[in-house]
Each structure stands twice: as C-alpha cells, then as structure tokens.
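Here's what TrEMBL has on this protein:
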DOMAIN    29-133  domain 'PGG'
TRANSMEM  31-50  transmembrane segment
TRANSMEM  70-98  transmembrane segment
TRANSMEM  110-136  transmembrane segment
TRANSMEM  142-166  transmembrane segment
Amino acid sequence: MQDVEKIVHPKRKEAKNVEEKKPREIFTEKFTLIATLITTIMFAAAFTVPGGKNQDSGIPIFLQGKIFNVFIIADAISLFTSATSVILFIGILTGSFAENDFLKSVPLKLLFALVMLFFSVVSMMVAFCASLAMLLKGHQGVIVTAMSFASIPVIILVPLQLRLFIEIFKSTVLSK
C-alpha cells in the first residue's frame with residue numbers, strides 16, 4: 001500500500017470510490033476477508049481430520065502417526081494466527097485513531113496483522129502437505145508434486161510481503 005501511495009497524487013489518497021471507501025479502507029478490508037476465509041477453513045479442518053474417524057470410537061484413524069501431530073499443530077497455528085489477524089484488521093478498520101496514531105500505532109498493528117496473516121498461510125500449507133502425506137502414503141511422486149504446488153503461494157508471498165514489512169518497520173520502529 002505504501003508503494004502505491006508514493007506514486008498516487010496526494011488528493012487521490014483521500015479520494016473515495018463509489019462505495020465511499022478510501023484506498024486504505026479497501027486495502028484493509030481485502031486482507032480482513034482473506035484472514036477470515038483462512039480462519040473458517042482451518043476451523044473446519046480441525047474437525048474434518050484426514051482419513052476420517054473410527055466408526056466405533058470416534059477417534060481419528062491417523063491419530064497415532066507423527067504426521068497427524070504435524071497436521072493438528074499446523075492447523076492450530078493457522079487458526080490462531082488467522083483469527084489474530086482478523087481481530088487486528090477489524091481493530092484497524094473500526095478503531096478511531098488520532099492523527100499521531102497513523103505514524104506508529106496503526107502501522108505497527110498493520111505490520112503485526114500482516115505477519116500473522118503470513119504465518120497463517122504458511123501453517124495452512126504445512127497442514128495441507130501433512131494431510132496429503134497421510135492420505136497418499138506410498139505415492140511419493142504425487143506427494144512431492146502436490147507439496148511443490150502448495151509451496152508456490154508461500155514463495156510468491158515472501159517477496160511481496162517482505163518489502164512491505166521492511167517499509168513499515170523502517171517507517172515506524174527505526175524512524176525517530
């Protein structure tokens with residue numbers, strides 16, 4: 001968002017679209033939507049475990065496997081970090097801030113929300129890969145191919161977010 005703000009005419013930064021929303025509001029709403037979707041998916045994944053459950057006991061079939069533990073931990077981390085991200089984005093959207101808050105407080109909240117969103121995506125991909133490893137045991141070629149594709153969003157997200165993280169960090173923490 002800051003890169004866009006650098007090239008946009010100052011009057012356009014405060015301009016509103018047909019829905020009466022400023023660019024920063026649209027930016028924050030989009031990230032809130034993404035974080036909410038991840039939260040919803042990971043919450044459902046916790047109860048719809050790979051391989052299903054034993055009909056008699058209700059215990060997950062893969063419960064004793066190490067990969068199942070990776071799946072559950074990654075799912076829990078993704079759920080926690082995406083929910084934290086949603087709460088932070090909503091706080092930014094609905095909060096009433098003083099002008100000085102936009103110098104440090106709001107950018108730091110945005111930075112933390114984006115970090116949480118990033119970790120939720122990474123841990124969601126780990127949970128996905130663990131699930132595939134459990135379900136496709138013995139089919140290494142398929143597992144490796146699927147895991148390679150699952151890593152693409154993370155690989156794309158790192159350079160995109162890293163630049164934004166650095167800019168926010170420099171403009172808030174390192175500035176005087």
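Even glycines carry a Cβ here, placed using N, Cα and C.
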Per-state residue totals over the domain 'PGG' (29-133) - DSSP helix, strand, coil: 81 helix, 2 strand, 22 coil
Local confidence of the domain 'PGG' (29-133) - pLDDT mean: 80
